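Below: one structure, written as structure tokens.
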Amino acid sequence: MAAEIHSRPQSSRPVLLSKIEGHQDAVTAALLIPKEDGVITASEDRTIRVWLKRDSGQYWPSIYHTMASPCSAMAYHHDSRRIFVGQDNGAVMEFHVSEDFNKMNFIKTYPAHQNRVTAIIFSLATEWVISTGHDKCVSWMCTRSGNMLGRHFFSSWASCLQYDFDTQYAFVGDYSGQITLLKLEQSTCSVITTLKGHEGSIACLWWDPIQRLLFSGASDNSVIMWDIGGRKGRTLLLQGHHDRVQALCYLQLTRQLVSCSSDGGIAVWNMDVSREEAPQWLESDSCQKCEQPFFWNIKQMWDTKTLGLRQHHCRKCGQAVCGKCSSKRSSYPVMGFEFQVRVCDSCYDSIKDEDRTSLATFHEGKHNISHMSMDVARGLMVTCGTDRVVKIWDMTPVVGCSLATGFSPH
């Protein structure tokens, strides 16, 4: 079922501790059980499984429960030991797990959506289960009565969800690339604002309530940090992945952001440095360096008897430039560009060697990651994906051992 991996500790990369195999289809969610050597998984094969580590070092399923429909999302509340499972048919089911994690009792079914559930969050304070789905809505239901309290519709599939428990603000990402901030009430909600910055569908969100930072990952392979608490509209772009960003986790104590992409890439971003905002791209009818006309500027082309050029943009200054004036490439990590991007010649000359020093580390998960979660207190990470494999990682060599007071590495 599961193999214990004996990796030689390396100071620079995550250490693979265990590999769990046995699912018959893609694993859509995997969550580490706090203070236990255990993992809860949900899969397209219609099963919920609780895996516990045995004396042999291997993980074996102590609970194996088959659902009526493929499992598409999951939330686990450890203090009350409640599991909420979203399904492909739109229903959310609640279970209660025994103290020894060997038995799981069905509590109730919530008719939350008309289509596939994409994300679930449980709020104990309000006794709400909040969820998003492919029926283009976010819904919140009362866990005491099982009744629908409210619902808000979007123009496209709602793909991911984060929630601020103190203010009852919900952040919903959708397939159009937009993030909507909602204030949820007992039976109504109000739209506070919408955030637009990605060029692809939003795949994941992470909310840090302490610094009031929202992180979003999308199919445009990029991560954006939205400084909600700063109230100045500040955003930071992070580009280092080569595929869709599927999962995020911000480590507040060490000011690091962990992101995973569908090609197996794992990135750890240093957010404890002074980063610069990427500029807005400027528009012009001619190159802002050599003043040659762009191809749609017919008048200047006629007047100067020259051929029009393609418009490009310098990633550092944002100016509209021609290919000749932006022939060089450079990384510029302080602005989030971890690999080489187009810059104009004058900006290239202004970038020093030390400016190219990476502010992130990149690692290989070696499987298609669709979901990731972390036990920050122990420095553990679990990844799962379309290859039906669940991997448990020791992240302390990468993020450090000081994540929690009294924590010591394995």
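Cβ atoms are placed via backbone N, Cα and C, with glycine included.
Pulled from Swiss-Prot:
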REPEAT    22-61  repeat 'WD 1'
REPEAT    66-105  repeat 'WD 2'
REPEAT    112-150  repeat 'WD 3'
REPEAT    153-192  repeat 'WD 4'
REPEAT    197-236  repeat 'WD 5'
REPEAT    240-279  repeat 'WD 6'
BINDING   C287, C290, C322, C325  Zn(2+) 1 binding site
BINDING   C314, C317, C344, C347  Zn(2+) 2 binding site
REPEAT    364-403  repeat 'WD 7'
MOD_RES   S408  phosphoserine
Which listed residue (C287, C290) has most other Cβ within 10 Å, given these are binding-site residues = C287
Out of C317, C347, which has the highest number of nearby Cβ atoms, where nearby means within 10 Å of its Cβ, if these are the binding-site residues?
-> C347
Calculate the distance in Å between the alpha carbons (Cα) of C322 (Zn(2+) 1 binding site) and C344 (Zn(2+) 2 binding site), and round it to a whole number.
-> 9
Quick one: DSSP breakdown of the repeat 'WD 1' (22-61) into helix, strand and coil?
-> 0 helix, 22 strand, 18 coil
Give the distance between the Cα atoms of C287 (Zn(2+) 1 binding site) and C344 (Zn(2+) 2 binding site), rounded to the nearest whole Å.
-> 11
So, by DSSP, how many helix, strand and coil residues make up the repeat 'WD 7' (364-403)?
-> 4 helix, 19 strand, 17 coil
What three-state secondary structure does DSSP assign to C344 (Zn(2+) 2 binding site)?
-> coil
